[in-house]
Amino acid sequence: MKGSHLFLCLISMTCCLNLMSTAGNKIFQFGSCRVSMSVTEIRSGFNAIKANIQARDPIKTLSILSYPHSLHKVKSSERCCVTHHLFNFYVDKVFKHCRSEDSYVNRKISSIANSFLSVRRKLRHCHEQNQCMCGEESTEKMKQIRVNFEGLNVTSAAIKSLGELDILLDWMEKAP
């Protein structure tokens, strides 16, 4: 009898510790890949600098992520691949070229970039385990995003892409 109480206590403690360690995190299912991330934390950091970043965007008529339907209607089987490539894109291209005169804005960008690095590692693991299937659709969508990005000077493109971070987060959260 005492053993079963101890067992239940251990199970309860394990569940509580697991919940505490993932508090604020949401599990995303991208194809067969499951990734835990705190979208609330990323959104909070982004919302704190969104007005500043978008005010620095000199070209209001062009979009990197939503140029005709770049992220719309991605097959669920290819969401992992597109997400993996987008996180690589943001870490490798966007965050490296987003700097501000305001140290507060730079700290927020750095915090968002660190969150992206963490998720990128998880997505890379899925990709290496062949859980992210990349087909023609995901290749074409990423090609269009890169063309949109490369059509601008690197600083303007990075600022515009960071200013569109809410498009990416909305797309991820609307996943089926």
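Quick reminder: no glycine exception, Cβ is built from N, Cα and C everywhere.
Take the candidates Cys81, Cys98, Cys126; TrEMBL pairs Cys134 in a disulfide bond with Cys81.
Partner cysteine of Cys126, as given in TrEMBL, is Cys33 (from among Cys16, Cys33, disulfide bond).
Per TrEMBL, the disulphide partner of Cys80 among Cys98, Cys132 is Cys132.
For the disulfide-bonded residues listed here (Cys33, Cys81, Cys126, Cys132, Cys134), the lowest count of other CB atoms within 10 A around the CB belongs to Cys134. A C-beta separation below 8 Å, combined with a sequence spacing of at least six in one chain, links Cys80 (disulfide bond) to Phe30, Gly31, Ser32, Cys33, Leu123, Cys126, His127, Gln131, Cys132, Met133.
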